Protein chains: 2
Amino acid sequence: MEKPLILMTNDDGITAPGLRNLVRFISEIGDVVVVAPDSPQSGMGHAITINNTLYATKMTTVDEDGAKAEYSCSGTPADCVKLGLQELLERKPDICLSGINHGSNASINVIYSGTMSAAIEAGIEGIPAIGFSLCDYTWKADFSHAKEFVQNIVREALENGIPPGVVLNVNIPKLEKHEIKGIKICRQARANWKEKFDKRTSPMGKDYYWLTGEFELLDKGEDTDEWALANDYISVVPTQFDLTAHHSIQQLNSWDL
Amino acid sequence: MEKPLILMTNDDGITAPGLRNLVRFISEIGDVVVVAPDSPQSGMGHAITINNTLYATKMTTVDEDGAKAEYSCSGTPADCVKLGLQELLERKPDICLSGINHGSNASINVIYSGTMSAAIEAGIEGIPAIGFSLCDYTWKADFSHAKEFVQNIVREALENGIPPGVVLNVNIPKLEKHEIKGIKICRQARANWKEKFDKRTSPMGKDYYWLTGEFELLDKGEDTDEWALANDYISVVPTQFDLTAHHSIQQLNSWDL
């Protein structure tokens with residue numbers, strides 16, 4: 001049987017340990033082609049590059065992790081997927097994987113996530129797709145405990161297919177392997193970020209701000225991704241890009257428009 | 001009665017005619033405070049600025065359109081909303097309006113839209129929010145036919161409230177006023193962009209790409225935004241930021257994880 005062809009990207013950049021680990025884990029399953037940003041793109045959401053040129057440079061130095069080919073791209077994660085699918089891969093991939101992100105993309109973070117935007121872009125183009133994130137923001141994060149879980153999820157996705165119009169948002173708690181209790185299919189917890197802007201004055205006398213904030217969980221449901229992570233489970237949220245709030249169409253039809 | 005306080009932003013930049021028209025339309029309804037990007041941000045999706053500084057400059061020259069105050073911000077549309085809510089407005093606004101965008105944000109375009117990301121950011125923070133877009137990409141687009149419809153939608157939203165967890169995505173066809181048949185509440189049409197990369201070689205011999213593409217509608221439903229626009233209606237899609245595909249949780253639970 002032909003090995004599956006796997007398009008891989010991320011939003012922390014092509015040199016990020018989370019991506020290097022994912023390449024190593026997944027090279028055991030299929031032929032991996034990496035198309036990843038040449039610099040960190042965290043917080044980029046679903047940005048695409050429409051008023052600027054895009055570069056993709058074939059790398060020869062990073063393939064020791066087992067990828068068939070790797071390209072470093074000047075664009076966003078969504079750009080990487082578009083360019084990979086249209087220009088760089090020789091055929092339609094069997095699956096697209098994004099990550100492993102350094103930091104959680106659970107709950108409302110999915111909206112700001114470059115990692116998930118890449119997976120969603122692939123989903124829009126009809127490719128099964130999964131975004132992986134580890135709940136550890138540090139560059140030196142330990143990904144080793146994730147290996148078997150990640151491989152298992154990818155194998156199941158290749159075997160069963162992912163429902164059309166859906167991509168998976170997988171978050172992995174920062175734990176030892178034996179501490180992880182299993183994998184839970186969840187819904188996205190309601191939450192937001194309580195912003196705090198750190199206001200400063202430049203040496204030239206101009207005010208500026210740093211965006212900082214605190215995560216505020218608004219949802220105690222035991223079927224949520226935040227609950228799963230807090231209780232030592234890996235969370236899997238089926239995530240869709242039909243944003244229609246179907247349940248409120250009727251209510252809006254009562255407006256006098 | 002106190003006049004409603006209205007936070008206004010966009011993604012085409014603070015000088016864009018679409019925003020200037022929206023300020024004029026809405027100053028008749030409430031007190032408008034503009035916090036808008038200092039340069040065009042189209043295609044920015046839900047990007048936020050986390051590794052860079054943010055500036056907000058109070059403008060004194062653009063208020064002839066009727067705004068109470070205007071700030072030009074170095075960030076993305078989502079940044080503008082965060083900064084406006086936290087630092088620049090004296091109280092929580094009654095509604096947040098984004099646009100009027102130069103170009104459609106119907107169907108899958110909602111995913112890439114900076115206009116809608118601003119509205120969604122306000123929605124996440126519990127503020128009723130609406131994004132407006134005109135199906136005309138040109139800078140010289142005529143917005144005059146939109147005035148009464150936009151005012152009507154904003155008045156109804158202020159009166160009835162918008163369901164929690166929902167923001168409105170309003171798209172306006174490029175027509176004469178008398179040609180518009182009315183306003184339809186719709187679902188987001190299934191569609192994608194068929195990318196075509198225009199590959200070129202720089203004077204220095206390096207290959208680069210321009211992202212171009214063609215919109216591909218995959219959905220003939222007469223309850224969709226694309227159908228409404230093609231049939232001379234203004235489309236209103238209730239749009240949510242809970243991305244969970246609730247209907248596929250059961251199916252995923254059959255996986256061997």
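The chain as shown is numbered from 1 upward.
Every residue gets a Cβ built from N, Cα and C, even glycine.
Where the annotation comes from TrEMBL, it is an automatic prediction and has not been curated.
The divalent metal cation site recorded in TrEMBL comprises A:ASP11, A:ASP12, A:ASN101 together with one of A:SER42, A:SER72, A:SER144, A:SER202, namely A:SER42. Reduced to three states, the DSSP call for A:SER42 (divalent metal cation binding site) is coil. Cβ-based crowding with a 10 Å cutoff singles out A:ASP11 as the top-ranked of the binding-site residues A:ASP11, A:ASP12. Under 8 angstroms separates the C-beta of A:SER42 from a C-beta of chain B, among the binding-site residues A:ASP11, A:ASP12, A:SER42, A:ASN101.
The residues near the divalent metal cation site, meaning same-chain residues not in A:ASP11, A:ASP12, A:SER42, A:ASN101 whose C-beta sits within 8 angstroms of the mean position of the site's C-beta atoms, are A:ASN10, A:GLY13, A:ALA16, A:GLY18, A:PRO40, A:GLN41, A:PRO77, A:GLY99, A:HIS102, A:GLY103, A:SER113, A:GLY114, A:THR115, in sequence order. Under the DSSP three-state reduction, A:ASP11 (divalent metal cation binding site) is assigned to coil, being neither helix nor strand. Averaged over the domain 'Survival protein SurE-like phosphatase/nucleotidase' (A:6-195), the predicted model has a pLDDT of 94. Comparing the binding-site residues A:SER42, A:ASN101 on other C-beta atoms within 10 angstroms of each C-beta gives the minimum for A:SER42.
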